[in-house]
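Annotated features, as they stand in Swiss-Prot:
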BINDING   Leu120, Gly124, His125, Leu126  (6S)-5,6,7,8-tetrahydrofolate binding site
SITE      His227  site 'Plays an important role in substrate specificity'
MOD_RES   Lys228  N6-(pyridoxal phosphate)lysine
Amino acid sequence: MLQNHSIAEFDPVLWDAIQNENRRQEEHIELIASENYVTKAVMEAQGSQLTNKYAEGYPGKRYYGGCEYVDIVEQLAIDRAKELFGADYANVQPHSGSQANAAVYGALLNAGDTILGMDLAHGGHLTHGAKVSFSGKIYNSVLYGITAEGLIDYEDVRVKALESKPKMIVAGFSAYSQVVDWAKMREIADEVGAYLFVDMAHVAGLIAAGLYPNPLPHAHVVTTTTHKTLAGPRGGLILSACGDEEIYKKLNSSVFPANQGGPLMHVIAAKAVCFKEALQPEFKAYQAQVLKNAKAMVEVFKQRGFEVVSKGTENHLFLVSFVKQGLTGKAADAALGEANITVNKNSVPNDPQKPFITSGIRVGSPSITRRGFNEADASTLAGWMCDVLESIGKDNYDQVIAETRAKVLEICKRLPVYGD
């Protein structure tokens, strides 16, 4: 018999962990570039009765009965995704960005085929051909990188493409702060007869707002997550505007039944909500502020003598290198965490440290902007971060941490996430 008990009543240990996480999110400043705060409407969709419904297949072609209403939900998400990004194909079923990427590879490649992707150590993603990932184990991965100035080396991409003759070139990143020339990538792909696959997960929100170039006119296939700058539920999305129906059929089959079974209908509903939110004028204003806040923070770090990789940012994130200071990313991450400022350690180009230690941090502005931070707030925050970083290993460290934590708590109270 169904028991309608609350988590607090039934599982107080779990409830305490949830409440403590709620408190942490309210009392800490979130600067992890891949994180964001969803609206209550998105959470409402994820907590709906749609979680009960199994719906293998696609709208109108299900393997289960009783799907007439979840068909409406999924079709809404599909139509809104197409409108948002200018696509003529959308698959909203991938459970994550990595699973979306796996589906693209499965649709267009065979095991052992060559892919050319961005080196993880230079800003790429695990699924772009890293040897520890399925993408580097199942496929023959060749990697391109960035120049000494921190910019994608398109000549390096072209030379390696001509040498390796990849079946697919992967463009996109997880830690690159400049604008990718999608047209140049397509030109190189066409020169060697390769597919161009773009993973726009980090900048999807900026693209939706028209503030970062859209890869859809250039790529054969595009994937994204639905969180990060898009500020929706954790999930994946596959898009295309290439007009090739055979590719679309292969993509659908690669998601289901090849890689996944039943879709998560409650998450797809939340994706539909987030796509509608991203179609509103307020969303563009939000993304514009994300850019302004990131740029404001960069200027402070540079003024305080820290190296910003590629010398700036044209999106929501930037990397700070501590090679010159002899500081590790792990130590910086931990120190900032003590002050209630959350970042992630990150490798920088030619990093002398191991990937779990690193010599840098990645900083992102989406979450603070959702709280209501403006450029002045962002600049002030960057100054506090520099104070903490400069105090590491010095006698005043504990004092700086305590003072910074107090200031963080004050601004978090002034600019709450949810306000209740």
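Using the three backbone atoms N, Cα and C, a Cβ is placed for every residue, glycine included.
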Environment of Leu120, Gly124, His125, Leu126, the listed (6S)-5,6,7,8-tetrahydrofolate site - residues of the same chain whose CB lies within 8 A of the CB centroid: Gly117, Met118, Asp119, Thr127, His128, Gly129, Ala130, Ser133, Ser174
Spatial separation of His227 (site 'Plays an important role in substrate specificity') from Leu126 ((6S)-5,6,7,8-tetrahydrofolate binding site) - C-alpha basis, Å: 18
For the residue listed as 'N6-(pyridoxal phosphate)lysine': intrachain residues, at least 6 apart, with Cβ closer than 8 Å: Ala33, Ser34, Glu35, Asn36, Ala201, His202, Ala204, Gly205, Pro366
Secondary structure of Leu120 ((6S)-5,6,7,8-tetrahydrofolate binding site) (DSSP, helix/strand/coil): helix
Other CB atoms within 10 A, centred on His125 ((6S)-5,6,7,8-tetrahydrofolate binding site): 23
Number of Cβ atoms other than its own within 10 Å, given for His227 (site 'Plays an important role in substrate specificity'): 25
Distance, His227 (site 'Plays an important role in substrate specificity') to Gly124 ((6S)-5,6,7,8-tetrahydrofolate binding site) (CA atoms, angstrom): 18
